[in-house]
């Protein structure tokens with residue numbers, strides 16, 4: 001009791017503790033340096049048992065049941081009204097709702113089954129708060145090695161590479177609170193109902209937004225950011241290449257001392273085009289392939305956090321240019337993470 005251990009899932013590594021144990025949940029928040037108003041997702045081995053255990057009065061919305069049947073095990077977290085006796089108030093961040101999911105990973109499921117189908121494990125990503133999420137055990141150790149009780153090393157088995165889609169089934173129509181691999185279109189096809197993307201009201205002031213309690217992780221605070229500044233470049237491969245070369249021209253005028261100060265992350269096919277065009281100027285760059293090709297969003301998602309983290313091992317890299325994946329399908333989740341890393345969220349309380 002009162003312990004926190006990291007383990008792999010198909011999305012990212014999670015930092016797990018018993019969802020009903022206040023002391024264990026507090027260990028998660030302390031280890032991560034996580035804001036107390038940022039709720040945790042509760043993981044179960046059995047979807048229907050988990051929903052019933054967590055649901056207020058055992059009443060599970062029909063939309064939640066249908067989505068669980070269609071997508072679990074898998075990278076979808078379903079937000080329902082919470083049974084406050086089952087889920088620690090700390091895990092819920094004081095909310096009357098809780099997000100539940102069943103991970104699609106053999107190690108995670110083995111751990112959860114050993115606890116019993118009605119026992120939930122609260123497990124946010126196993127990184128220091130605000131940092132890129134971990135997709136390898138060494139990422140966890142880098143951030144939290146001396147702050148937690150252990151890491152179950154699953155190798156490089158986080159096949160999705162981005163955190164789960166979170167959908168709020170406490171409202172009508174349901175609302176996607178955080179995009180992930182499972183898209184709005186896929187969810188609508190199952191429900192036969194419209195599903196909305198979450199949008200902050202234009203009437204909400206910055207001060208009110210900072211005070212707002214998020215219903216799900218990834219909605220409010222700075223996330224996924226390496227130490228170097230990130231700029232997302234939208235548009236074609238040709239435009240991205242032009243942007244990199246223009247950035248290098250500006251640096252020449254400011255005297256860059258010849259060091260490799262610019263990190264460039266893009267799919268392999270775009271980097272190949274850059275190499276053909278860049279010549280000697282690229283000596284100032286560190287090129288990192290994020291995905292196999294611009295059309296392969298799954299490989300881009302798989303590589304994203306590891307590439308962001310790789311730049312932290314290069315102290316000379318002060319700026320990062322990232323190719324902005326088209327925000328459709330899985331690309332919407334990729335862009336969400338990149339935009340957060342680039343501090344483009346209007347709700348970032350650290351943003352002046």
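Residue 1 is the first one shown; counting continues down the chain.
Quick reminder: no glycine exception, Cβ is built from N, Cα and C everywhere.
The number of other Cβ atoms within 10 Å of the Cβ belonging to residue 43 (L-threonine binding site), over all protein chains shown, comes to 28. Annotation comment: TrEMBL describes 11, 43, 101, 123, 164 as L-threonine binding site.
Look at TrEMBL and you will find 34, 38, 97, 125, 133, 178, 224 tagged as ATP binding site.
Sequence annotations record features per position, and here TrEMBL assigns domain 'YrdC-like' to 1-182.
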For residue 11 (L-threonine binding site), the one of 38, 97, 224 that lies nearest, given that the binding-site residues are compared by Cα: 224
Nearest of the binding-site residues (34, 97, 178, 224) to residue 43 (L-threonine binding site), judged by Cα-Cα distance: 97
Shortest C-alpha distance to residue 164 (L-threonine binding site) - which of the binding-site residues 38, 97, 133, 178, 224: 178
Count of other CB atoms lying within 10 Å of the CB belonging to residue 125 (ATP binding site): 30
